[in-house]
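Asker: Just passing along the structure, written as structure tokens.
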Amino acid sequence: MKSHDHSSMSHQDDGDKSSKKIQYTCSMHPEVVTDQPGKCPKCGMTLVKKDEAKTEMSGHKMEGMGSRGITRPMMHTEEHGGHGHMDMGGMKMSTDDRLTMLQDHHKQTLWVYWTIVLLGFWMITSPLTFDYGKNVVDPSGGRDVWLSLSDRIAAMRWSDIISGILLVIFGWRSLKPNRPYSVWILCFIGIWISMAPFIFWAPTAVAYYNGTLVGALIIALSILIPGMPNMIMFMKMGGDVPTGWSYNPSSWPQRSIMIGLAFIGWLASRYLGAFQLGYIDYAWDPFFGDGTMTVLDSDMSHSFPISDAALGTLAYTLEFLMGYMGGTSRWRTMPWMVTLFGILVIPLGFVSIFLIVSQPLSVGAWCSICLFSAIVMLPMIPLQIDEVIAMWQHMVQRKQKGDSLWKVFWKGGEALSTETDQRSPEIAEFNDSPWKVFKSSIWGMSFPWMLTISTVLGIWLMVSPTVFGIGIETPFADLNHLGGALAIVFAVMAMAEVIRSLRYLNVLLGLVLVVLPWFIEDINVAFTLSTSLTGLLVMALSFSKGKIKEKYGLWDKYVV
């Protein structure tokens, strides 16, 4: 009898073992569960067996550092009973499951909202602690501002106090889950705190510093660290490589270079803004003497009611922070955010670059740090455009499936592909393999020799007036400064494979450079020949497309 019982139990154990499938998960993203080994689609880490992951997380139901919702509000999917399940093809959960996950995530990120409440009290007491009426400064260049000194002081005081009170109120409301409007209000309060110092021409440097730093912290704490409010209620899992693409434009290496460039631009713009606002008396320029101060105090700059350099600081702040927002599939899960990011980087970036390179025409001087900012901003355009194209492709494909574009734009759509990104290296590999990670950060941007030489020719056009001794405010110099800058911009933008066709703009530009110099009075023959020959070379170099290294799905037919 005992032997028979033992045999029956052995058969039963074998059956249980065979019926129990091995599941794999990510130590940092336990919501990712699959039956197959591989890499996490969100961070690229190697998946481990679920039981091993629980052991690694100290056996406390993953309530340690790995489950604090630092990146995505999707935790413990496998623990929510039998109402639904998640697989790599899509999120299949009931509303109750999602609400449970939302509440779990909120518990793990509760510290965020308490921190915001504390920062609210910080802002309320800042005018009392730092006394905005002491050691006040006037804006640079003796410019007239739209507020008197007493009004500037009062405006900053009340702005900080009211903003602090609102942070306390809505931070307190956000201590309860499922209050997305309160969280979004906190984000916009953070943006306002960042804007107020240059709108009101903050009279002291500490007011400017306090606003820019606390504002950035509020934005990060409200929507970056815990993730987009209530995203778990509608986010759908799936592949993170766009259909037909050879790489993921939303991978962390792809975004890391954007974050780095935006941060550098942030520092440069903050320095220029500090001069215009009057916090420093001198703006250093390594190449053009007092050129930086001349440009920053020019009539064009004075025509703005606010500091244009400080406004640039806000733009770089948002670009820097938005680089962190969303997961590695944000091209399909957050189209609205990719669109906003693209607007900040591409059209606004192009306008900013144009204003900078036109300084010799409008001001008659160069600004080294302004040019440095343009150099930083220019490659951001070709580096960002691929993510925008991927988002556009997803919108088109979801529309073809009958989905509402409005709904997909704001809430994302179902993934059409389950392909996960196995190609991009982990960002954690940067310390050991920096070149490998860097190369993956610029996928989608290539450097054909024709465009590279066109860029060099553009630089030559910009410096040639100085080489030939042509005055900076002459028509000849204006033509070459503007023509050279545009040749560089068009060539660098065309290095993005998805918009390689922009190189044809240099054909038209080269034609202008060939012909127009001969119609300018007081011709300098050598200089005119140099400009025309350079224009001819730019034209000739702009016909060939060069090698295309990547694949872009529906967009391949437009890569011409």
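Just so it is clear, glycine is given a Cβ too, placed from its N, Cα and C backbone atoms.
Curation does not apply to TrEMBL; its annotations are automatic.
The annotation compositional bias 'Basic and acidic residues' is assigned in TrEMBL to 1-19. Annotated region 'Disordered' per TrEMBL: 1-20, in sequence order. If you look up TrEMBL, you'll see 24-50 marked as domain 'Heavy metal binding'. For 111-133, 153-172, 181-201, 207-227, 257-284, 304-324, 336-357, 363-385, 442-462, 482-499, 504-520, 526-543, the entry in TrEMBL reads transmembrane segment. TrEMBL lists 152-222, 452-542 with the feature domain 'SPW repeat-containing integral membrane'. Residues or ranges marked as domain 'Vitamin K epoxide reductase' by TrEMBL: 257-384.
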Asker: Taking residues 6+ outside the transmembrane segment (526-543), which of them lie with a CB under 8 Å of any CB in it?
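Answerer: Distant Cβ neighbours of the transmembrane segment (526-543) are 450-451, 453-454, 457-458, 460-461, 464-465, 468, 470, 476, 479-480, 483, 487, 503-504, 506-507, 509-515, 517-518, 520.
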Asker: Does the transmembrane segment (257-284) make contact with the transmembrane segment (504-520) through 3 or more Cβ pairs under 8 Å, each pair 6 or more apart in sequence?
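Answerer: These two segments do not touch.
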Asker: Could you give the residue numbers and ranges of same-chain residues that sit at least 6 residues beyond the transmembrane segment (363-385) on either side and whose C-beta is under 8 angstroms from one of its C-beta atoms?
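Answerer: Same-chain contacts beyond the flanks: 254, 257-258, 261-262, 264-265, 268-269, 271-272, 283-288, 291-292, 294-296, 298, 300, 312, 319, 341-342, 345-346, 349-350, 352-353, 356-357, 441-442, 444-445, 472-473, 488-489, 492-496, 498-499.
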Asker: If you run through the domain 'SPW repeat-containing integral membrane' (452-542) with DSSP, how many residues end up as helix, strand and coil?
Answerer: 76 helix, 1 strand, 14 coil
Asker: Can you check how the pLDDT averages out over the domain 'Heavy metal binding' (24-50)?
Answerer: 70
